[in-house]
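Enquirer: Structure below; questions to follow.
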Amino acid sequence: MSWITPDLIEILLSILKAVVILLVVVTCGAFMSFGERRLLGLFQNRYGPNRVGWGGSLQLVADMIKMFFKEDWIPKFSDRVIFTLAPMIAFTSLLLSFAIVPVSPNWVVADLNIGILFSLMMAGLAVYAVLFAGWSSNNKYSLLGAMRASAQTVSYEVFLGLSLMGVVAQAGSFNMTDIVNNQAHLWNVIPQFFGFVTFAIAGVAVCHRHPFDQPEAEQELADGYHIEYSGMKFGLFFVGEYIGIVTVSALMVTLFFGGWHGPFLPPFVWFALKTAFFMMMFILIRASLPRPRYDQVMSFGWKVCLPLTLINLLVTAAVILWQAQ
């Protein structure tokens, strides 16, 4: 058939890759919510969800059905358009952040030359979703949570971006695939250890995960910026948070731990195992650390993380200039 051209086949394969990878990311985010509840129960010497299915295996399905049939209520005093758009923007921006992550040599949705900048741009877009949700709800607790989230995310995105500049300088490219190929013999976590530490801290803060979950602090803000949300709108925020964890874990693997590189096993398996390890670390951090005060979080970022990233950049620049001579 003459209408089947190589360009059409390439487009269809790209669409197939995008659908498969994005479905896997959404599924991983959903299953992580169940795994987190089970592991937190184990860490705290109690039972997790164990009533639906064998060992609670169908709890995720039950939660999805319950959330789907809940009333999609919009407060009368809210801005309906922005209130509805906020969870969609949050979910979409976090999902698109994964599009530039190469899971194997031939599997990447968008192999952009500005991959890192695109990821940072999507992380910045998620801030607007939180701000829209808090402001449009017309609720004082929602607005306070949104203001906290905006200030925290914008601050820690500075450290997130600066921590990656050392990796970019070493690889000589913003392209994720080039960065992974540059780690074929030595992972970036060794020469860029301080950059990795700062990126890990900033990644947890940008995801609003414990101990940086002040925007959702139940004891202070009654669940923060999504207090007025219910039904699938709340579900988009909920699943989006776990997709953010999957994305940050995948970025850690790609930028600092060699991506798909590893012996014996297929590249995709190595990438999945490394990503799963960092997803487990998110859960362990939640079970282990207390929540600090909000002023302590901001002070830690500007007084500890920022100097650490600047020192890392100066050392990286000095080493690169010394090697060039």
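From the backbone N, Cα and C atoms, a Cβ is placed for every residue, glycine too.
Summarising the annotation, Swiss-Prot assigns transmembrane segment to 11-31, 50-69, 81-101, 114-134, 154-174, 186-206, 237-257, 265-285, 304-324.
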Enquirer: Can you name the far-off residues of the same chain, 6+ from the ends of the transmembrane segment (154-174), with a Cβ under 8 Å from a Cβ of it?
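Expert: Answer is 113-117, 120, 123-124, 127, 182, 188, 191-192, 195-196, 198-199, 201-203, 205-206, 212, 255-256, 298, 301-302, 305-306, 309-310, 312-313, 316-317, 320.
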Enquirer: Counting only residues 6+ away from its ends, which parts of the chain sit with a Cβ under 8 Å from the transmembrane segment (265-285)?
Expert: 28, 32, 35-36, 39-40, 43, 103-105, 107, 204, 207, 209-211, 245-246, 248-250, 252-253, 257-259
Enquirer: Give the one range among 11-31, 81-101, 186-206, 237-257 whose Cβ atoms make the most pairs under 8 Å with those of the transmembrane segment (304-324).
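Expert: It is 186-206, which has the most Cβ pairs under 8 Å.
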Enquirer: Who are the chain neighbours of the transmembrane segment (11-31) in space, where the CB to CB distance is under 8 Å and they lie at least 6 residues beyond its ends?
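Expert: Contacts with the transmembrane segment (11-31): 60, 64, 95, 98-99, 103, 107-109, 239-240, 242-243, 245-247, 279.
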Enquirer: Under 8 Å between C-beta atoms and at least six residues away from its ends: which parts of the chain pack against the transmembrane segment (81-101)?
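Expert: For the transmembrane segment (81-101), the nonlocal Cβ contacts are 18, 21-22, 25-26, 74-75, 108-112, 115-116, 118-119, 122-123, 125-126, 128-130, 132-133, 135-137, 176, 226, 228-229, 233-234, 236-237, 239-240, 243-244, 246-247, 250-251, 254.
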